[in-house]
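My structure is below; once you've seen it, I'll send some questions.
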Amino acid sequence: METPLPKAPEKRQVTAIIFLLLLWEAGSATIKYSVLEERDSGSFVANLAKDLGLGVGELAARGARILSKGNKQYLQLERKSGNLLLKEKLDREELCGDIDPCILHFQMLLKNPVQFIQGELQLQDVNDHAPEFLENEILLKISEGSHPGTSFPLKIAQDLDVGSNTVQNYSISTNSYFHLFTRNHSDGKKYPELVLDQALDREEQPQLRLTLTALDGGSPPRIGTSQVLIVIVDINDNVPEFAQRRYEVQVPENTPIGSLVITVSARDLDAGTHGELSYSFFQYSNQIIQAFEINSITGEIRLKKALDFEEIQSYHMEVEASDGGGLSGKCTVAIEVMDINDNAPELTMSLLISDILENSPETVVAVFGISDPDSGNNGKMMCSIQDHLPFLLKPTLENFYTLLTEGALDRESRAEYNITITVTDLGTPRLKTEYNITVLVSDVNDNAPAFTQTSYTLFVRENNSPALHIGSVSATDRDSGTNAQVTYSLLPPQNPHLPLASLVSINTDNGHLFALRSLDYEALQEFEFRVGATDRGSPALSSEALVRVLVLDANDNSPFVLYPLQNGSAPCTELVPRAAEPGYLVTKVVAVDGDSGQNAWLSYQLLKATEPGLFGVWAHNGEVRTARLLSERDAAKHRLVVLVKDNGEPPRSATATLHVLLVDGFSQPYLPLPEAAPAQAQADSLTVYLVVALASVSSLFLFSVLLFVAVRLCRRSRAASVGRYSVPEGPFPGHLVDVSGTRTLSQNYQYEVYLAESSESQFKFLKPVLPNFLGEGTGGDSETNSNSRNHFGFN
């Protein structure tokens, strides 16, 4: 609300200082553009509709307007296309002078609803000005007694451009007496100085003419020149000295023309013409010589032109005192212009609506801007309207206000309002400006319901029970009776694929919202819809709000192992060389979790291993690595069970079974492990059955062979002579005949076990290798025939 002004209890005020940069129905962001100066009128700057994300024709529908400070408009808006154009050619030097960067502020006003958008246009400098010396010829008197190394300041060149386009360097024409030194000043300017290289002789050369060149940094660069006339004078012992090196003075901007500003004073200890002093401006600009003049004899500086604080706040110049012998001294004069309250505030009306519907609170009546070119308290302003009126002044952007209805208007009580807007500054004396407007009230019957919030956010945990109450929306109507009775409804969703009717319902009387079914976070994380509130007036009015439902994740999904596959097919066996170093990467368990957040954070650990301590699992990435060096004593086959666990509450887990085979080299074959299913008990039982069957068949076969040999031996023993044994001539191997009389055989039998991929065992029985003897009692070597084996398979 407004703050009362002293001595004005009948007015309400809003202090602009407190509410600077406060935005109403608009964001605080500023759109910024830049354009080169001197571009033609109508040049394209930007497309506001595109940059602001507005639809085609929305700027025209909302009556978009460009507002600038004061009455000067530099920009224009094409509402249909949204293009922002230059209204006229802009000269950076005229608008900003030596201020860099040069920024022009503007605002865009939108209606329905009212919205302000702050904008900045930066004028970029082009090198359209060349350096310029204020004097075509610079006179410099130098005593012939000056020592080498003495420096003599020269007058600088002026360049209206800024930055790199202003003066960057000076040069002097070639000569044998001087060279040029450029000094960088704290104000950013560069000052040329002549430095004496060798002693001067007036009798040999009484004067010298040089050319001073100033070069800017533009592309292409521009130059300016001035002639330097050096007059060599007789030896002068003393240099003029000012009483102060720097003079400072404050001058009110309303000081009359011709008034004395300040007097500078210097003295010279020489006598005669060498002691006579003459004062003049040394380093100065056009603005200085237009505003001030100096008495060459007395050193008085007087006002030549009326000062204006709003244009120039301070002046800096160098004053030179020269004696008759050519020597000179210099001092600096700083003149600060003091602001006085000589400008009344200005009010610029941007939007005015004369007809306002009754019972329409916060309806915009007018939009206007205020300004005061003064500074300090003289430029601070307060804005107010009369008291006891149902209207409110609301600051929007800096020095922009909106006049709107504060409460319900009743046309039957009062059909017309005369409002006086008063803008007062805080200077001494205070100046003010008044603006009168007339507002007519149009008759209506009711007010639309208004939601307590423009948007609602509801949280529902997944796997909820159907018909769960998830939240409420609420709207109120400023009317009474049936006009204030509000009913709620779900509006058609903007997303045609959202089955809103099967997700939520609303109680039409109280706005309670219910979930119609159990929600699944993995299928639907969030959804939004609009609800409407309609009163029962005639005609009925309604409003709407946005409801956003966020489904909270529950830990209802266990981790799923992607690798190694756990689908009951052939097991995946990892080969590890026995020469592997500790930390050797065996494999990596890859798993995912359908949940989110910490419910999907997975950790890995080794749950079971054939030989604990041989392998390890990294907790965060599932990498299976060797924990130590492998040895020949380590079993060749290993079975690892890796546990994958999420971070939910309660946690869920899954296991992955790995088979590892230790090999001496990757080139040798390996036997797959018999287990395909993770059930260890079933695999152990199958192994027992296979061993028992193998032992039984082997025993039966061995018994049959022994019986056959015994029968043959018995038959031969009958025909053999006493103490003598005979070996048949056929291919029967002699090593199967018991010649020692102990009736035992020395032949060994062996078998292999072949494990097929179908997890069913196959046995391969091998017949002993029978060597061919060269002859009885020869004692020759035997040769193994590997092709004489018989295979027997059992499934």
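Cβ atoms are placed via backbone N, Cα and C, with glycine included.
Okay, so Swiss-Prot annotates it like this:
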type	residues	note
DOMAIN	243-347	domain 'Cadherin 3'
DOMAIN	452-561	domain 'Cadherin 5'
CARBOHYD	Asn169	N-linked glycosylation site
CARBOHYD	Asn184	N-linked glycosylation site
CARBOHYD	Asn418	N-linked glycosylation site
CARBOHYD	Asn436	N-linked glycosylation site
CARBOHYD	Asn567	N-linked glycosylation site
SIGNAL	1-29	signal peptide
TOPO_DOM	712-795	topological domain 'Cytoplasmic'
TRANSMEM	691-711	transmembrane segment
Looking only at the domain 'Cadherin 5' (452-561), what are its DSSP counts of helix, strand and coil residues?
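Across the domain 'Cadherin 5' (452-561), DSSP assigns the residues as follows: 7 helix, 49 strand, 54 coil.
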If you count Cβ atoms within 10 Å of the Cβ of Asn184 (N-linked glycosylation site), leaving out that atom itself, what do you get?
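There are 9 such Cβ atoms around Asn184 (N-linked glycosylation site).
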Give the residue from the glycosylation sites Asn169, Asn418, Asn436, Asn567 that has the most other Cβ atoms within 10 Å of its Cβ, counting over every protein chain displayed.
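Of Asn169, Asn418, Asn436, Asn567, the one with the most crowded Cβ is Asn169.
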Count up the helix, strand and coil residues in the domain 'Cadherin 3' (243-347) according to DSSP, in that order.
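Helix (H, G, I), strand (E, B), coil: 10 helix, 46 strand, 49 coil.
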Roughly how many angstrom lie between the C-alpha atoms of Asn184 (N-linked glycosylation site) and Asn169 (N-linked glycosylation site)?
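Between the alpha carbons of Asn184 (N-linked glycosylation site) and Asn169 (N-linked glycosylation site) there are 10 Å.
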Measure from the Cα of Asn418 (N-linked glycosylation site) to the Cα of every one of the glycosylation sites Asn169, Asn436, Asn567, then give the nearest.
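Going through Asn169, Asn436, Asn567 one by one, the closest to Asn418 (N-linked glycosylation site) is Asn436.
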State the Cα to Cα distance, in Å, between Asn169 (N-linked glycosylation site) and Asn436 (N-linked glycosylation site), rounded to an integer.
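Approximately 58 Å lies between the Cα of Asn169 (N-linked glycosylation site) and that of Asn436 (N-linked glycosylation site).
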Under a three-state reduction of DSSP output, how is Asn169 (N-linked glycosylation site) classified: helix, strand, or coil?
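Asn169 (N-linked glycosylation site) sits in a strand per DSSP.
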Quick check for the class: what is the C-alpha distance, in angstrom and rounded, between Asn436 (N-linked glycosylation site) and Asn567 (N-linked glycosylation site)?
86
